[in-house]
Structures are given as C-alpha cells and as structure tokens.
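Undergrad: This is the structure, below, for whatever I ask next.
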Amino acid sequence: MLHRFKYILVTMVLLSLSFVSCAVWYVSADSQLIHYERSKNSLLHLNNIYEQEYNGLVSKAKEYLATGDASAKYKFVTDTNDFISCNNRNLTYLSFSDEGKLSVLQFPGRYSAAADNHRSSFSLNQEEQALLTTALNQYNQMSQVLLSAVDQRNTDILYDSPYSKLSDSKTDAIDKYTSLYLNRIASKEKDLQFSLHFISTVAIVLGICLIMLASKAFFIYLRNNQYNAYFNQLYSKAIENADVGMAIVDHEQKYEYMNATYKQLLNIQSPNPLGQTTFALMPEEIAEALPEYSLSQNAKNIQMSYTFEGSMRYINYNCFSIFDDRNEPKFVTLIQDCTESKLKDQALQHQLKEIEFFANAKSSFVANVSHEIKTPLNVIIGMVHILQGMNLTMEQKEILAKLHISSELLLNIINDVLDISKIKKSNFVLYPADFNLLSMVSESEEVFRPLIYDKGLELIKDFRFPTSLCLSADKTRLAQVLLNLVNNACKFTTTGHIRLAIELLNMQQNSALLKFTIEDTGMGIEQEDISKVFQEFEQLENHLTKQHQGTGLGLAICKHVVTAMGGDIWVESLKGSGSRFQFTIWAPTVDPASCESSSLAGNSLSLLDGKGRRVLVVEDTELNYEVTQSMLADSHIVCDHACDGQEAVDMCLKVPEDYYTVILMDIHMPVMDGYTAAEILKSEVGITCPILALTATNIDPETKEKYKGIMDGFISKPFRYKEFYRILRPYFDGTGDELPESALTSADFGTSFLEQSQGTIAPTSDSDKETADTSTIIESKTDTDLNLVGFVPKLAAAFEEEGDDDQLYPDRLSELDLTEAAKNLGCSERLYIKHLMKFKNTYNHADQDIQTLILNNNYLEAHRLAHSIKGLAGTLGLVPLQQISTQLEAALKEESENAATLLSQFRYELKGVCKSAVSYT
C-alpha cells in the first residue's frame, strides 16, 4: 500500500508540473495574442500617419496655389522632400530585406516619435511587401505631381486624370496589403485561440486529476493506519517463527526477549530464560564468546563457531542497539546458522586454488611465448644490423644462416600457438592424402638433420617396414609429430645420439599398425614430471631460469595429433639417462603404384593450361603482383592488374560479365578492401566468375563460412607453386601434366624499371654509360637539395675509383647451388638460366641508372628501382644482391648520404652477378 502511495505522490508531482507548464504556456499564448493585436494596430497606424502626412502636403500645396505666399511654398517643398526621403528609405529597406519588419519602417518626421509606441516586430510577407512598395512609390509619384503643380502654380494639375489614377492606385495597394496582413494575423490568432482553449481544457483535466489523486492519497493514508495493528501482529509472528535467531538484552546482559530459533541455535534448555544472563543459560564455550559482542552497538557478520553434539557449528552473529521509551539502551542480537554455507565456502576456496593454479600456468605460458617470440626477433634484428656494415663474406653467410634458423623457430612457435588454438576451438581437422612413408621420413630428415649435426650428435635410423609402404593419412601432421619429437630430443641432448626407429607392428587387410620411436641420450625426465609432459602450457623449466627454447606446446600438439589419428603416445625416461618417446598409429594402406604416381605428381610442378584466358589480380603491393603475374604467365594466362577494390570494380564495369576466368582478390587494400569489392562485384556488377581471396591472415572456418557467399576460395600467402596451381585448376578446363620449359619464358620476369618510369630518365647505351661525364651533373647541384653538395662528389669519386673492369667483380654464381635455386623457383635449370640472362640484360646498368636518378634528386624513382631489384634478386636466390639492395633501398628512402657507399657495394654485387651470368650463355 505504501508503494502505491509513493506512486500516487510521484504522479501528483508530475501532474502539478504539467499543470504549471500549461499555465505558463497559457500566459505566453495570451501575450502572443496581445502582440498580434499590437501588430494590427501598428500597420493601421502606419497607414493613417502616411495618409495624414500626405493630406497635409496637399493642403499646403493648395494654400500656396491660392495665396502665392513664398513662405508657404518653402514650407511645402521642405515637408514634401522629407516625405519623399522617408519613403525612399523604406523602399530601400524593403528591396533588400526578406523579413520586412514593421519595427524597422520609418514614419514621416513629425509622427516618428509618437509612432514608436505603436511599432511591432511583426513582419510582412513577400506579397505584402510588394503591395506596400507599390503604395510608397505611388506616394512618391503623387508628391512629385504636387511639386510640379506648385512649381507651375497650376491648380488644374491636381484635378487631372493622371493624378486621380495615381491616387486610386495608391488607395487600392494600401487596401490590399492591409487586408492580406490583417487576414494573416487573424488566421494566427484563430489558431492560437484554439490552442488556448485546448490548454485550458487540459489544465482543467489536470486539476481534476490532482484533486482525485489527493483524495486517493488521503484514503490510502487512512487505510495504512488501519493496517498498522495487523502488521505489528504479523511482524511478531514472523520473528518468532523465523530461521534467524533474535534476542534483546539490556546493559547488564540480561535477556528481555529471545525467539525459538535463538534458543535452538545456542542450545538454551531453560524454560524461562528471560531475566537471566548468558553464563546461566548457555554452555560455557558459547557464553565465553558472546559477551565480547553482545553489548556492541554495531557488530556485523561476526563469525563464531562451537562444537555441538560432536560436530562443528558455525554461527553468523550481528548486533545493534536501540532505545526504549525511557531512552535506555537495548541490544538486539541476530544469529543465523551458516554451517552449510561455510562448508560450501571451504569447497569453493579449494576450487579457487585450483583455478589460480591454472591461471598461473596460463600466465607462465604467455610469458614463455613472449620470450620465445622476442628471442628470434632479437636475433634477426641484430644480424641485420651487423650485415649493414659488412661486405658479403663467409661471416655474412653464417649470419644469414642464423637469421634463417631464427625465422624458422619463430614460424614454428606461431604455428604451435595456432594449432593449440584450433584444438581448443575444436577446429582441428585431419586431411588424409596418399604418400610413401619412406619419402615422408626422408623429407622430414632434411629438416631436422642439420639441427642434430650442428650439436655434434649422431643420428641413428632403424627402419623396419617395406620401402614401398604407402599410407593414406595426414602427411603434414604426421611429419609435424616427428619433427616436434626429434626437435625436443635434440634440444635436451648435448652429447651422444638420437635414434629414430619406425616399425611395422601389424598388417590387417588394408590397415597398418606403425610404431615410431625417438630415443635420445639427453638429460632425461624426473618420474614425478612424466605425467606433465603432454599437458598443454606445461614446461619442466621456469620461464625465468630455463636454458632451452620452447613454448610448452609441441608435445601437447603431438598428443592431440596422434590421438586424432587413432593412436597412442607415451614416454619412458630416467633422470640423467635420456628419454624414449613412442607413439603408434593405425593408418589405411594404399597401392604403391597409385601412391608413387601421386607422389610424383605432388613433387613435380604441375602447371595450368590457361589457353590465353584472363585473370584479374587485385593487389595493392606491386611486388606481390609481379610474383602472381609471373606464376600465371607460366600457365599462358593473361593478367590484368587493379591496385585496390575500387579500381577492380571500375575495371569490371567496363568489360562483359564473363571477361575474366578468375579474379584473385587481396583482402587488405586501401580505398576499398577485398571483401567489400567482392560483394559489390557479385551483387551489383553481376560478375559470374569465381573470386578467390589472397590473404596472409590465417583463415578460420568461421571466416570462410561468413564470406562463402562472396568468396569462392582462399589462397594463403606466401603461397607455393604447387598449392597455387592446385587451387586454381578446377576453374580452368585443361591443365598441363608437367611444367614445360617454354612456359616460364612467357613471363614478364624483369621488365626494365626505367621503361616504366614515364620518361623520368631514359636508359643509355653501353658506350654512353662508359663515357658519361658526371662533371656536368655536379655543376647543376644548386638546382637540387643542399644535401647533394657533399653527396655528389662522394658518389662520383666512388664510381671513378671502381671503373668498369670486370676483373674487379666476384663470380657470385659460382657460390650458388644452381639445382637448388631452380627448384626453389619451380623450374628447370635451363629455364632458370634464361631468367638469369633476362635479369642480366635488363638490369646490367641499374647501378648507373640509380646514380643518375640520385644526381637528378629523384630519390623516389631510385628507391623504386632498388626495391624492384631486391624482389627479383630474392626470387632468383641471389641472396647477397638481395641484401645489399635492401640496405640501398632503405638508404634511398631516407635520402641518406650513406647511399654513396651502399651504391658502390650494390654495383660490386650486381656486376658480379651479371659477369657470372655471361658464363652460362
């Protein structure tokens, strides 16, 4: 009931505010009506003043015409000119104003002061302003007629027809705009009066509601008093029967009241406990605990415990003070049995400790990952810094090898994190394929053999299965398990050997049971730690003191992979005696003949036969486009290039829907991203060809499902030739069986960068380059940036010392493994040499081109040329040239004077490559 009473009070307050608002609005509207009335009076007053003033001028003119008094004429002319000037000012205001406020209009001189009391801010509309302008112009013309009559002293002019027409026209204009003005104000008054009537009605209704609510509130108040006796009885019964014990004691600790629950909880057996103290009523251990709080004015949630009937009981104790009618203090005690909740809290505390343990394990994992990611990155940055100040020597090769190892380590760490993430999300899927077991092991051996030999360890292989054994399983995941286990063995072994054993245990119909063993002579594992080996986020070393690299995920991933393959994995180890990791898997077997052909097809570089069809490559990075275009050109596919999604949409709008066979779409691009562009192409442009996404981001199943309507497939970057062609093949009718050597020759492998620079600088002939006179360029240094004053002599001197003698340059290709380089490029050695010769013919004089661009202060084009050579050198496996090109590119981007020294080293490496390439012709 009190709740309703509060609602009624709030409603009354709101209604009162509404009533006051209505009253305020009513007063404001009434003031507006007064304003409208004043506006009407103001306009009528304006008309009267103008009419009176003009009639006065007519009277003065007639007076002069009758008497010929010169003073009367002078007075008439002066007043008439004032009248015309006032009219002209009003006409000027009306011609330049869209509002036409009456308060701005000027009244004739002798009425201006009196007219101020009648002015109004009400405005004339466009039609009314036009009519008022006409009336004022008629007044001016009639005034001119009066002046003419006075000047000629001809009374007949005032009674001629033209003058009468002017007077009638003026009167008509005044009547019209006055009528329009008064009607418009009358319309507003009518609307406002209707609103006033409505607000008055609303105010009356609100008043009635207020009266009714006040009556209701009074009635509720009376009813509430009637319920007091009822609730007093209810409260007393509720307290007596509540599960909370309640007692009241005085300052002498004598009980004045206690309910049944209080007696039960504190084991009070006395039939008449009132007037007695705690020590007289309760067991000693309870009585000793209570006095400490029983006289407290504010004791909340005090936990006390005691043993009752052989069991521990927990009590929640609260105490507060009140005062009786004689103002004497009384102390109210509330107790509640919290034994059950206390036991639950203890169980929760135990669970919390377990949660904290796993949280700490997770934190340790994050620390390990952070450490392991920073370590290889630090190595990479440090080695690059060292390379910047050195020539390409054997020491540099060692540094590059370290860089490579660090990069692979970082990649493995990232892959482990991604794998464990997939496992946690239940996205871990196996992709079976046919493969030869021995071939797979040999490929894996190429990866881990250097790690073993670098530590001076011996690799022992014990294979007990047919060399022709072919399986249908996830080759990549099986190799991952082998690599993780061997890498783990290598990591914890400093001397001795690592043994890799594979045994065929059983053969049933079309399935084989295989056992893999990786044994080491390393440090071994404590027996109590063996159970932790395959746990996620678990390492046997603390991340602050550990000596071996790793994230603690590799073995956990191995267990998940083996389990997913239907096998089992375990470890046997003794501290100081090495470890033996073993796992078994069941795998379907396949025909060796089909497995061999599948293996050969997988190892050979299968190529598409594009038959001259077109593919649109949407890629904002020029180097990525060059790589893609080269790979597609090998398959007789013509490429069109768009630098962003918007450009792709614009290009597709200009061609038929089936113009492109496939669209390769990068995802992250400026202007418009790939997803948006693909959606527009499919929904608005109506493109029917498949759109494949090119992305360096790991695409999860949720993303594929989200964009399956606009993306027909995803290709991860960096992509490999075989994977690239495998994904594209379904969208082309015919495919080539093998990579023809003539295919790569159609690729525009190294189009001269200077030919693309739109005439910035034309490449010179060999003879021109040999005889180029740099002094003429140096003399024009005042037209370039000031930093060239010191830079140009260094640049010229460096090239004068070098000359162009081939004897100065090393045979860089003699250090190159031609077979491996051709394999990495995905072609034959003969085709690799053709590409190398094309590179030599295109960029043989790139050093001089860069020099000329620098001397012309065209750092942008010089930077782009160095960038292009860097990419092509990396593609061809020319690592020293690629490295110096990278440094030169950075120096040119910053316009550093160090570019002179780097350009000399760049020339040294470039000429070494070009010189070596001649030997292959």
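Using the three backbone atoms N, Cα and C, a Cβ is placed for every residue, glycine included.
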Undergrad: For the transmembrane segment entry in TrEMBL, name the matching range from 194-214, 677-697.
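TA: When 194-214, 677-697 are checked in TrEMBL, transmembrane segment belongs to 194-214.
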Undergrad: Looking only at Cβ atoms, how many others are within 10 Å of the one on His867 (phosphohistidine)?
TA: 20
Undergrad: Mean pLDDT for the domain 'Response regulatory' (614-732), as a whole number?
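TA: Average per-residue pLDDT within the domain 'Response regulatory' (614-732): 84.
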Undergrad: Quick one: pull the CA-CA distance for His867 (phosphohistidine) versus Asp666 (4-aspartylphosphate), whole Å only.
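TA: Roughly 21 Å, rounded to the nearest whole number.
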Undergrad: For the domain 'HPt' (828-921), how many residues does DSSP put in helix, in strand and in coil?
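TA: Each residue of the domain 'HPt' (828-921) counted once, the result is 78 helix, 0 strand, 16 coil.
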Undergrad: Count the Cβ atoms, other than its own, that fall within 10 Å of the Cβ of Asp666 (4-aspartylphosphate), considering every protein chain shown.
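TA: So the Cβ neighbour count for Asp666 (4-aspartylphosphate) comes to 26.
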Undergrad: With DSSP as the yardstick, break the domain 'Response regulatory' (614-732) down into helix, strand and coil residue counts.
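TA: Helix, strand, coil within the domain 'Response regulatory' (614-732): 50 helix, 24 strand, 45 coil.
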